[in-house]
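J.: Can you read through this structure? Questions will come right after.
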Amino acid sequence: MTRSTSRDRGRRFRLLTATGAGLVLVPLAAACGSGDSGGSGAIRIGVPAPLSGDSASAGQDILAAAKVAAAEINQAGGVDGRDVQIVEADDQCSAQQGAQAAQKLLNSGVVAVAGGYCSGAAVPAIPIYGRRNVPFVLDASTNPSLTDTGKGKVFRTCGRDDNQGLVAAKFMTGQLRARRIALLHDNTTYAKGLADAAANSVKQFGGQVVYQDALQPGQSDYSPVLTKVASTKPDVLYFTGYFAEAGLLMKQRKQLGLTFTLMGGDATTDSTVLKTAGPAADGYIATTAPLAKDLPAAAAFVSAYKAANKADPGPFSVYEYDAVKVVAKAVDDAGSTKGADITEALHKIKDFPGITGPITFDDKGDRTDPLYITVRVRNGAFTAHKKLDKSGGTWVDAKSS
Amino acid sequence: MSEFVQYLVNGLTIGAFLALIALGYSMIYGVVRLINFAHGDVFMIGAFAGFGTLTTLGVTGGTALPAIVAAVAVGALTTGVVGTGIARAAYVPLLASPRLALLIAAIGVSLALQEGVKVLTDARFKSYPNTLDGGQILSGSVRVTWGQLALVVLSVALMAGLWLFVTRTMTGTAMRALAMDRDAARLQGVNVERLILVTFFVGSLLAGAAGVMYGLYYTQISFGMGFLIGLRAFTAAVLGGIGNLPGTMVAGVAIGLVQSFSAGYVSSRWTDVIIFGLLIAVLAFRPTGLFGERVVERA
């Protein structure tokens, strides 16, 4: 999710060419036509993910989770008596490969797609699936534009960056009773988007944004920025950038003896932060989508995943698991493998019991229930802190229910 | 007012690092006329060597002075050797070639070092153990930590050592002669190739020491850490008059102050615009640097 959006930075120019290539390829593929809306053989679900390259570990986690979900469905008798088969495609987290992966999946006759990691790879893939009416359920790409421009054929089991901003603002103004709020980003698409979203919501809730600016990633010494922030006398500083800077901010905030609360977004929950900041990390609060270990309903999945892969699930494994499950459910409901029917069925799903919480999609394809929670560093580890209750107005302990 | 003083303290800390790294650029340029683009990466190697030393010694935190000294020494010696090795393998064979060849070799070495460490560390950040949390000297509205003081003192000591070496020793004198005129120095019996290697050794030594100090102070290191700081140190070297050691030291501290005050009174987003704007202005109006190039005798 978060990592994904940063990748958009240098890849815009590639994105254009890749979309161009997609446009050329689509009619060709349509002409070949796999024509598989018939009713025999396995039901194929496509999983695009970065299986090689820098983000390969995240991609492998996602693919492994999809396979766990499929195995579980098949063990329970499959969908309409047909097995579910996962078809993988490597998008390498790039726009070019994203378009090619989409093409490959369509050619192999997938009825729906559940996966993806980098928003940059998803962007060119969306119109390719869209033209064939194949629904795309994202598990990790949080950039708001994806479902905004998805024409109702794109869904996601993960959250949206702007929704995270809203949750952060609610937490700061509600739970922390902060009046003066400072926002710090790093000028990447993701971080700036999250800071803007948080700023809007803070103002809506009657808070005051006393500082909103960017630091420059990669320079290690942020004490000048922190001194500047402190001079605006904020109650809370919400940092929306990445983990590499977050740890340094915590450490230098302590060195400078600053007393405002430091919070961060979901790109700051990496364990590097804890090592860098050491004891200075204590009390740090981050907004994030819940991790597998904080989701009581995910216990069975976690043990199945561990048994199959001999490793702990990654941060997005639970969202991929739910994505595959919800697609299977939609195929079952629709009683058809036609993309348009599955899309319609996905929109009709109400309170599907996912391991990440009940799943209902709004018109755009985003989840209607508040997804983000807060975690806090306690004894050198991120632990679940508070979450919004169903009404979206009150904060309760994240561990309960 | 207290904010102003705090910006000053922050800026001096940053400047201490920049000055140490900038000296390497300046020295090497002085004798080889090469902007050693790999210098920032040598700094990075030093940080990793120091990290390796601390990890091997099993330091996990607390103020372990002998271990810190060992780490700085190992880091500095490692980069000294690495720097000399690079010079021997990549630069010395090209001394007679056009200067562009040297420059391209330097860029190649920089990329190779960075990518090499990236592969070896899986592109992950490494965190130094917390050893410098020694507490505060001033803890009122202006904060100064013992770590900061130790850092500045060590930088000043290293720079003073360099100054003595360059002005008071035979090798240092030969180095200055080499900077003035390579051929004339050779005629005076200076072993040019050997002296170039010595220069690389000393310059890289300083960068390595700076790398370990950087790791100790900021605790977080990565393969890409030398890039931005290297560029800024290079700017400091140009600003101070490349080849001019005292000018470079002053300019390094000045760039640190610019970085701090621009974040405080303008916006940290503008820091690089200001620093590199300064670089362009200096190149355009005072190409010999604010303090002038020392080697004016060069025709």
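Yeah, the Cβs are placed from backbone N, Cα and C, and that goes for glycine too.
Reproduced below are the annotations present in TrEMBL:
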type	residues	note
TRANSMEM	B:12-35	transmembrane segment
TRANSMEM	B:42-61	transmembrane segment
TRANSMEM	B:67-87	transmembrane segment
TRANSMEM	B:94-113	transmembrane segment
TRANSMEM	B:146-166	transmembrane segment
TRANSMEM	B:195-217	transmembrane segment
TRANSMEM	B:273-292	transmembrane segment
J.: Taking a Cβ cut-off under 8 Å, which residues six or more beyond the ends of the transmembrane segment (B:94-113) line up next to it in the same chain?
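T.: Residues 32-38, 40-42, 44-45, 86, 193, 196.
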J.: Quickly jot the same-chain residues contacting the transmembrane segment (B:12-35) by Cβ under 8 Å, restricted to those at least six beyond its ends, or write none.
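T.: Long-range Cβ neighbours of the transmembrane segment (B:12-35): 42-43, 91, 95, 99, 102-103, 106, 148, 151-152, 155-156, 158-159, 162, 175, 178-179, 195-196, 199-200, 202-204, 206-207, 209-210, 213-214, 217, 229-230, 232-234, 236-237, 240, 242-245, 248-257, 259-260, 295.
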J.: Please work out whether the transmembrane segment (B:42-61) lies in contact with the transmembrane segment (B:195-217), by counting C-beta pairs under 8 angstroms that are 6 or more apart in sequence and asking whether there are at least 3.
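T.: Counting Cβ pairs under 8 Å, at least 3, so yes.
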J.: Using Cβ atoms and a strict cutoff of less than 8 Å, what residues sit near the transmembrane segment (B:195-217) while being 6 or more residues removed from its termini?
T.: 13, 17, 20-21, 23-25, 27-28, 30-32, 36, 39, 42-51, 68, 71-72, 75-84, 86-88, 91-92, 95, 128, 131-132, 147-148, 151, 154-155, 158, 162, 165, 171, 174-175, 178, 185, 225-226, 229
